[in-house]
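Annotated domain 'EamA' per TrEMBL: 6-138, 148-279, in sequence order. What TrEMBL records for 36-55, 67-87, 93-114, 121-139, 145-166, 178-203, 209-227, 239-258, 264-283 is transmembrane segment.
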Amino acid sequence: MNNHQKGLLLTALGVLVIAPDALILRLISLPPEQVLLWRGLLNMVGFLLIVVLRYKSQWWRAYLNCGRAGIGCALLFSLSTLGFVMGNHFTKAANVLVILASAPLIAALLSRFFLQESLPLRTWLAIGGCMAGISLIVLDDLGSGSWLGSAFALLAAFGLAGNLTLARSQPHIDMSPMLALSGIITAGLAFSWSGTISGTIVLPDAVNLGWLVLLCLILLPIGFTLIQQGPQYLPSAEVSLLLLLETVFGTLLVWLFFSEAPSAQGLWGAAIVLSALLLKSLLDKQKNKPLLSQR
């Protein structure tokens, strides 16, 4: 398995793990600032446990190796978390997912501007195909929504794209340990906000706590640890492109659990997204064959 294939596998697995994110957020009945607080705290614990398990007694070196770029990744990931949670609070999940799907285009522009990476035509065509498919999925279900929710969703897209691009700038360094720092930042912001908005910190009941633990202590740390390693092997735009799968599978999960059957147009959109990703993967494989045969 070459580095490109390894990056594809890590990122795709990570995306599948975090696919229930929007669904579980809808199942948690807490104010958004409380969701952010507990999401940050549990993410911090979950990511830290993964770092300790991976690096054993040298876990602290993993943080030192990340340097200033790692701090930047943590800040950007915190912005992405804030935007995603608040976006889902102020507008429909479909709005958030389709705006978040703009991350590949943002990442591509950031990579060209800051990293001077040239993207092959097939990547641009795949991004265009995925964007068209995602638009079909949610076009008839966007509703009026909220401009504030859309603004938060755009913040999430910029944060995600910026995080992956910054990680790509240091391809030989594993930036995933800094996601624990992101949890601290998110929890700190939410703690200040909780005191200002509600005056108290709410201890979740058993049901909400169960959903929070499943999502924030287990699924998100595992999924984003895998995704964060993707830029070590792939351009950030390709990592973001694979993240479009979350929109497809997130829509399917809502369909299964809430009986919100997608329209024929939505099914066509999902088919376009999956076909674009599959076609690009096949083209990449064909492109890499001459290189592999020379090894």
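Glycine is treated like the rest: Cβ placed from N, Cα and C.
Automatic, uncurated: that is what TrEMBL annotation is.
Three or more CB pairs closer than 8 A are found between the transmembrane segment (209-227) and the transmembrane segment (36-55), so contact between the two stretches is assigned (pairs 6 or more residues apart). Taking residue pairs at least 6 apart in sequence, the transmembrane segment (93-114) and the transmembrane segment (121-139) share three or more C-beta contacts under 8 angstroms. For the transmembrane segment (145-166), the partner stretch with the highest count of Cβ pairs under 8 angstroms, out of 36-55, 93-114, 239-258, 264-283, is 93-114. In the domain 'EamA' (148-279), the DSSP tally of helix, strand and coil residues is 107 helix, 0 strand, 25 coil. When pLDDT is averaged over the domain 'EamA' (148-279), the result is 83.
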